[in-house]
Structure formats: C-alpha cells, structure tokens
Amino acid sequence: MKSLILLAILAALAVVTLCYESHESMESYELNPFINRRNANTFISPQQRWRAKVQERIRERSKPVHELNREACDDYRLCERYAMVYGYNAAYNRYFRKRRGTK
C-alpha cells in the first residue's frame, strides 16, 4: 500500500513538472495563426513565382533515367508488383529491357 501511494505521488510530481505551462509556450499571442490567401501571396513576388514554375518545368523535362524507368514501371501493374518485392531497377530490367539476342 505504501508503494502504491509513493508511486501515485511520484506520478503527480511528474505530471506537475512536465505539464507546467511556461511563458515560452505562449510566444504567439495571435488568436488565429493562419492568414488569408491575399496576405500569403505577398510573401513571394510574381517574378519569384514565375521563376519557380520555370524551374519546375525544366526539372520535369530533364528527369534522371532511374526516375523515368520507375514511372514506366508504375504504369504497368505486373512491373509495379514485382518492384515491391525486388526493387524498381530489377523490375524495369525484367519487363522493359530488351533481351539479348532479340531485335
């Protein structure tokens, strides 16, 4: 019984020390931390937005070979299942690479 009371007291002390609400947890005094779209769009200028879109298009055009192989494998269900077990490289080699001796 004494150990149960001691355990309850230790648990209560742990709750008090760990759940203490300090001033640091109240750093933001705003009631609503979210902003509307108009104010959110003022952070990035239209020029930066345009530049980001252009860079994204360039990245889409010049994808690495392994990513193109993975996308090809994702479109074919058997290849995708095989890839879940053996990996995308092995699956692509099995289903899409030309076999030796065939033209």
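Just so it is clear, glycine is given a Cβ too, placed from its N, Cα and C backbone atoms.
Contacts of CYS73 (disulfide bond) defined by a Cβ separation under 8 A and a same-chain sequence distance of 6+ are given as CYS79, GLU80, ALA83, TYR88, ALA91, TYR92, TYR95, PHE96, in order along the sequence. Feature annotation from Swiss-Prot assigns disulfide bond to CYS73-CYS79; the stated evidence is sequence analysis.
If you look up Swiss-Prot, you'll see 51-97 marked as domain 'Gla'.
According to Swiss-Prot, the feature 4-carboxyglutamate maps to GLU21 (among others).
Here Swiss-Prot flags SER22 (among others) as phosphoserine.
If you look up Swiss-Prot, you'll see SER25 (among others) marked as phosphoserine, on the strength of experimental evidence.
The phosphoserine annotation in Swiss-Prot covers SER28 (among others).
The local packing around GLU56 (4-carboxyglutamate), expressed as other Cβ atoms within 10 Å of its Cβ over all shown chains, amounts to 10. Under DSSP, GLU56 (4-carboxyglutamate) is assigned to a helix (H, G or I) in the three-state scheme. If you look up Swiss-Prot, you'll see GLU56 (among others) marked as 4-carboxyglutamate.
Of all the Cβ atoms in the protein chains shown, 8 others lie within 10 Å of the Cβ of GLU60 (4-carboxyglutamate). Taken from Swiss-Prot, the feature 4-carboxyglutamate applies to GLU60 (among others), supported by similarity to another entry.
Residues near GLU67 (4-carboxyglutamate) in space but far in sequence (CB under 8 A, at least 6 apart, same chain): none are found. Taken from Swiss-Prot, the feature 4-carboxyglutamate applies to GLU67 (among others).
Feature annotation from Swiss-Prot assigns 4-carboxyglutamate to GLU71 (among others). The number of other Cβ atoms within 10 Å of the Cβ belonging to GLU71 (4-carboxyglutamate), over all protein chains shown, comes to 11.
Look at Swiss-Prot and you will find 1-19 tagged as signal peptide.
Across the fold, the C-alpha of GLU60 (4-carboxyglutamate) and the C-alpha of GLU71 (4-carboxyglutamate) stand 12 Å from each other. In the three-state DSSP scheme, CYS79 (disulfide bond) is classed as helix. For CYS79 (disulfide bond), other Cβ atoms within 10 Å of its Cβ number 19.
With respect to their backbone Cα atoms, GLU71 (4-carboxyglutamate) and GLU56 (4-carboxyglutamate) stand 17 Å from each other.
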